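If you check Swiss-Prot, you get these features:
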DOMAIN    8-283  domain 'tr-type G'
BINDING   17-24, 81-85, 135-138  GTP binding site
Amino acid sequence: MARKTPLNRIRNIGIAAHIDAGKTTTSERILFYTGVSHKIGEVHDGAATMDWMEQEKERGITITSAATTCFWKDHQINLIDTPGHVDFTIEVERSMRVLDGAVSVFCSVGGVQPQSETVWRQANKYGVPRIVFVNKMDRIGANFYNVENQIKLRLKANPVPINIPIGAEDTFIGVIDLVQMKAIVWNNETMGSKYDVEEIPSDLLEKAKQYREKLVEAVAEQDEALMEKYLGGEELSVEEIKKGIKTGCLNMSLVPMLCGSSFKNKGVQTLLDAVIDYLPAPTEVVDIKGIDPKTEEEVFVKSSDDGEFAGLAFKIMTDPFVGQLTFVRVYRGKLESGSYVYNSTKDKKERVGRLLKMHSNKREDIKEVYAGEICAFVGLKDTLTGDTLCDEKNAVVLERMEFPEPVIHIAVEPKTKADQEKMGVALGKLAEEDPSFRVMTQEETGQTLIGGMGELHLEIIVDRLKREFKVEAEIGQPQVAFRETIRSSVSKEHKYAKQSGGRGQYGHVFIKLEPKEPGSGYEFVNEISGGVIPKEYIPAVDKGIQEAMQNGVLAGYPVVDFKVTLYDGSYHDVDSSEMAFKIAGSMAFKEASRAANPVLLEPMMKVEVEVPEEYMGDVIGDLNRRRGQINSMDDRLGLKIVNAFVPLVEMFGYSTDLRSATQGRGTYSMEFDHYGEVPSNIAKEIVEKRKG
């Protein structure tokens, strides 16, 4: 079976947005106009095809990125729906990794919101070119030009409108295409499937000319030949303008900006045209970096059908009918179902039972998959998110994704004995699917703890336990993931010697402990010279310290951000062993930490609260009581926006308190930002409570 769509006609795109910008509705409309779904699923009545997990239908938010294939004007679009809630940023990171381009959806009323900033940062991190779609132009308070300014100010980007709205709110009927300089007006009777191309209304001609001028200037900057033509007063052709927009979009010096109303079926076809005109094909993005596992040298994987198979597993899902689905982005070569692949991250071979092309919740079996495609593999047992699958003879490890540590833990108890075993299996499966979710057993109490990125994240996990795995579980009070660190440098010596009968134990080390920058982690430096400690014992010292740092001296929390230098010591020909040096390292670290001015750290959340002005005073007072530090206060559409850092431990139950303080009119969002030092009086309480 040969490839159906040439590689240069494939677009792997994601639709990324803030919770209520209308992302799922936009994805739905894309599927409708490209002829995939016959009845449009509305999020308002809980029936969108992309949102296929039960909880998403209830909450009306998108949690798992479903990958869907559709076709538009001889191009194949693989659409990855990304979640917009902060607790699910890991999903967004993951989809960004395998996308070639993105459509950022903004609400014409709400504009740039905190989550939009996070998603924008992630797209910058992975170098994903994007176009902006300003949605909900039919809503009261819709303002396209406002959003344009916010993108400049808040996202520090360069938005260049390629169409502008005709009317707004109730009078929004279409757009002016600035490339063709024509008006496009949608027909309400045909669900927006048909539209008329007309002359630009006279009252908008001036504005259209002004924005066309801005567009042409931005395009001319992309190319010297175009710049000369532009400065010489010559008109640029439609083809030249399109080419310039694409160049700028791909090098990320400009962001093409369009508008519409997905819910009212206006502007979706123009968005699809922009996707195929301006977003990159797999052949137009930078070659993906990888490492040759044998030589550890950097190699580049070029997207093409020639060459050996290479792909990245970016998502794992459990499907009730087929078992485990591993979503893979294929970067190079092709693969047939039933063949073997090599997992270079784990150094294991796996057999691919079936290849499935997903359409949000329907599936189609395919015989083989080619470069540039996104496909679900069935039958892989050991492959996890972020693993590379490739050909064994031409192995490569594509760069790994980085996953954040959980900031909140909750104890879960199965309701019955029968649930006990099922719960262990279920939590294991969920942890495979979601690397930002962790499961552990608390040593002192033997309780099972689950950790994640926020309360909503864990609520959904517990909900999935009940629905998908039929496990009833009780949950405890949320617990915050505190950390410890040191504030001063200390040198310590520890000699571990046991010589009473039989073979003795002897390990002797001198270490220097120093604080490091927040977030920089642990570093071990070996400065032993002249063989005072034999080479084979040095890793044991490092290991001893790494084990000891899991339980800090203050309250038993993990110790972070410090450097240990092993600079001297001694050994015994007969009695020294790895074990002895491990113990010596661990004891030296504990003694040094006690003397190094240890402090407690807590997760600080970046909180943004949006409230009507009359509640502003109460909300700020409340945030101050929660030990928050207010960073800024802004206005957005008649509401006050408060930005603050607040300790996570003070934020439990905040949504209920905010609702009652603002009569349900306040909203907030929060995401983990950094670890901050706990004030000494509060640290004292925490330590006493831990030591019971």
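From the backbone N, Cα and C atoms, a Cβ is placed for every residue, glycine too.
Here the Cβ of ALA17 (GTP binding site) has 28 other Cβ atoms within 10 Å, regardless of which shown protein chain they belong to.
Neighbours of MET137 (GTP binding site), defined as other CB atoms within 10 A of its CB across all chains, total 28. Annotation note: MET137 (GTP binding site) sits in a coil segment as assigned by DSSP.
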